[in-house]
């Protein structure tokens with residue numbers, strides 16, 4: 001199959017869609033109303049994507065898990081006069097952060113050729129491991145992982161920085177990382193931001209590990225691939241109903257997947273900060289600032 005780079009006009013349209021989504025959300029920053037943040041961003045992004053020069057479809061979105069306004073799975077976008085692309089999207093990652101006026105929220109999308117993203121079906125949760133160090137295993141004991149990172153970097157384990165989302169399901173992981181001697185950074189929301197930092201050589205984080213959102217995992221995979229990082233993941237349902245829905249859809253939950261399956265082709269990631277975002281030294285974004293990584297090959 002022959003691939004060609006996506007036209008600059010398409011990249012510009014996708015970047016503009018995240019910018020307009022972020023701008024639409026700005027009036028609601030600090031309002032305490034996360035639904036208003038999300039609704040404004042979704043409406044703006046949908047309108048912006050309508051005329052994008054592509055035959056596009058949404059394949060991964062965050063709204064169902066959060067019962068929030070969303071671009072719907074299977075929703076088509078674009079004017080049809082362009083490459084066939086798939087979209088993984090979160091009009092605002094970190095709606096609660098934005099509603100509270102806290103840093104770390106962003107409008108973000110990842111685009112790839114049709115069929116490139118792993119089909120996660122109705123999955124809501126995923127165990128993820130993101131780092132710059134190759135060969136790490138998502139199911140390995142955290143102490144072993146910390147030691148491997150320290151060895152790869154040539155530093156003591158006390159200089160290994162690990163981010164773990166502050167949830168009861170991840171408490172044992174955080175304790176294990178601390179017991180191993182690593183510096184542990186807990187966070188409540190904004191795992192995409194942390195994963196981007198872990199995938200960058202200058203991001204100030206060595207590892208993000210734990211169970212978080214599955215849709216964010218696909219967004220993360222596209223960015224990690226573009227940045228040259230390492231990622232493994234495994235779907236990990238957090239309720240009987242989620243497990244049932246995955247079984248009904250024929251989606252396996254016990255299989256470890258890497259970047260070659262999470263995002264099987266070159267992808268591009270576009271984001272715009274809604275509140276200040278820290279992607280590492282030289283990439284600290286003020287509200288309305290945009291960032292992108294990667295490129296799209298489209299048939």
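The backbone N, Cα and C atoms fix where each Cβ goes, glycine too.
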Among 16, 178, 185, 216, find me the residue TrEMBL lists at the same Mn(2+) 2 site as 90, 93. 216
Quick note, residue 216 (Mn(2+) 2 binding site) and residue 38 (Mn(2+) 1 binding site): C-alpha atoms separated, nearest Å, by 15
Residue pair residue 93 (Mn(2+) 2 binding site), residue 38 (Mn(2+) 1 binding site) - Cα distance, angstrom, rounded: 9
Judged by other C-beta atoms within 10 Å of its C-beta, the most isolated of the binding-site residues 90, 216 is 216
Using DSSP with the three-state reduction, classify residue 38 (Mn(2+) 1 binding site) as helix, strand or coil. helix
